[in-house]
Amino acid sequence: MVAGFSVASILLPEAIAYAAIAHLGIQQAITALLVGLGCYACLGGSPYAIVAPTSSAAALMAAVVLSLRPPDAVTATAFGVALVILTGIGLLAFAKAKLGRLSAFVSRPVLHGFSFALAITIIIKQLPILLGVHVQASNPFHIMIDLATHAGHWSLWSALVGGGALVFLAILKRWPSVPGAFVVLLSGIALSHWVNLADFKVAVVGAVSITPPGLSWPHLATDRWLDLAELACGLLVIIVAESWGSIRSISLSHGNTVEPNRELFALGAANLVSGLLQGMPVGAGFSASTANEQAGATSKWAGAMAAVILLLVVVFGQIWIGEIPEPIVAAAVINALSHAVNPHFLFHLWRLGRDYYLALAAVGAVLAFGVLHGMLAAIGLSLASAIRSFSQAKVSELAGLGHSHDYVDRENHPTAQPHPKLLILRPEEPLFFASVEGVLAEINRQLSLRQDVQILIISLEQSADLDSTAAECLVELANALKQQEKMLLLARVKDPIRELLLELGGRQFHGKLFWSVADAAVVAQKYTVKVFGQVG
């Protein structure tokens with residue numbers, strides 16, 4: 001109950017704020033909030049994850065919709081709803097295809113850089129609201145310039161209300177058990193009730209009409225659906241990467257295990273239902289999930305309790321929601337994202353000497369090109385990094401360690417002695433279509449340096465299975481070595497690979513597939529050049 005109330009007190013102001021970021025009404029945010037909490041409670045696996053609207057999903061949704069240039073608000077809402085539906089369908093399809101590890105293709109440095117720049121962008125976009133001034137620019141740099149040039153139009157009272165809310169929120173952080181955002185919202189409602197804020201040029205949220213949503217399917221042209229389907233892929237990847245990062249990190253800290261495909265299914269169902277009910281995209285945000293954990297949640301039903309509390313607030317208190325001052329909503333957004341505006345991860349990567357350039361590039365892309373194109377650039381950076389790793393094939397030479405049956409990397413164990421006329425190599429990454437040609441090129445290079453070698457052993461311990469490209473390349477290598485009167489033996493061959501190669505290579509691999517490197521080496525040493533010629 002306590003955890004549910006604490007989470008609800010955080011989610012309500014965030015939902016109001018994220019609706020503004022997505023250029024949607026509060027109804028869409030509340031619908032998404034209730035659907036996300038309910039669906040995850042029924043389908044998810046983590047006792048701590050809270051699935052609700054997130055700042056990144058809201059910002060991406062707004063960027064995608066604006067990129068399609070909708071002629072009016074109704075069309076913009078239809079674009080947004082269609083985007084959420086397509087994202088949900090995509091998530092369900094990926095769950096069905098067992099692609100729960102999709103988030104691995106967005107590297108952590110890139111995701112941290114994207115989140116950092118996104119938080120800066122959103123916070124800067126809240127400043128005009130907090131200062132009570134309207135600006136035309138959308139780029140964060142141009143917004144800052146416009147704010148500086150229009151300093152004379154700032155509303156002092158709006159700045160005092162928003163600034164006071166920020167100070168109050170900072171003070172309340174000393175007592176984690178106190179729901180600071182909720183307390184500040186109540187204070188803002190009380191202020192708006194007692195004082196006519198319009199006289200002081202302080203804007204309020206305005207009249208709110210939240211009605212029970214109904215199922216609806218957007219009526220759009222086919223080309224628009226295709227455009228949105230392309231852009232939904234980016235939103236899908238970001239939701240998966242952000243959500244899985246939150247779920248996995250919190251679960252690991254408590255020794256819990258979570259199944260990624262189940263989480264993907266829960267996220268897909270939540271987004272599909274949210275879209276059908278005209279809601280926003282949802283994901284497992286880090287701030288809400290962490291708050292749920294710190295509030296003492298022991299089961300995922302804390303999220304369901306939060307949904308019940310929020311439903312009661314919406315039904316009986318929506319008249320008060322409209323009286324919330326907009327500068328306080330902006331302050332709540334800034335406060336919620338303050339944890340993300342921490343460059344610690346950049347310094348950490350700099351000290352490690354690893355991947356800091358990826359994080360910096362992601363930050364620069366979002367700030368320079370906007371949220372949508374920055375997100376696409378961030379995903380492209382991750383994929384380019386993965387391709388670069390695959391293209392830099394590493395193959396280790398193995399040799400026997402003393403009189404044992406252990407075969408170890410010669411580079412790390414200089415005392416290990418290779419066998420004459422025998423070369424044992426181990427690719428250090430799985431073989432598949434993107435890596436196999438680079439790996440085999442490196443194997444041929446090392447083989448060319450050892451003219452005395454008659455038998456080549458390749459250890460496939462890093463490969464659980466092979467695709468058709470990798471299998472065909474191994475068959476081609478075996479045939480090429482046979483023409484040179486040399487032999488290829490494969491060690492650490494797992495059952496799926498064994499069955500595939502025996503079917504694809506025919507007699508070429510009979511008697512040449514081994515469970516261990518030691519077994520392959522024993523057989524290889526028994527061959528003489530004369531016997532090799534007879535067997536080949």
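One-based numbering along the chain as shown.
Cβ atoms here come from the backbone N, Cα and C positions, even for glycine.
Looking at 25-44, 225-244, the stretch flagged in TrEMBL as transmembrane segment turns out to be 225-244. The recorded stretches the transmembrane segment (328-350) and the transmembrane segment (356-384) share 3+ CB pairs below 8 A when only pairs 6 or more apart in sequence are counted, and are therefore in contact. Here the listed stretches are 74-95, 301-321, 356-384, and the one with the most C-beta pairs under 8 angstroms to the transmembrane segment (225-244) is 74-95. Within the chain, the transmembrane segment (154-171) has long-range Cβ neighbours (under 8 A, six or more residues past its boundaries) at 129-133, 180-181, 183-184, 187-188, 191, 197, 200-203, 325-328, 330-332, 334-335. For the transmembrane segment (116-134), the list of distant contacts is 20-21, 55-56, 59, 140, 143-144, 146-147, 150, 153-155, 157-159, 162-163, 201-203, 326-327, 329-331, 333-334, 337, 340-343, 345-346, 359, 362-367, 371, 374: same-chain residues at least six beyond its ends, Cβ to Cβ under 8 Å. Highest Cβ pair count under 8 Å relative to the transmembrane segment (74-95), across stretches 178-195, 264-281, 301-321, 356-384: 264-281. Counting residue by residue with DSSP, the domain 'STAS' (412-505) contains 40 helix, 17 strand, 37 coil. Proximity of distant same-chain residues to the transmembrane segment (178-195), defined by a Cβ-Cβ separation under 8 Å and at least 6 residues beyond the stretch ends, is recorded for 5-6, 8-10, 12-14, 161, 165, 168-169, 172, 204, 320, 323-325, 328, 331-332, 335-336.
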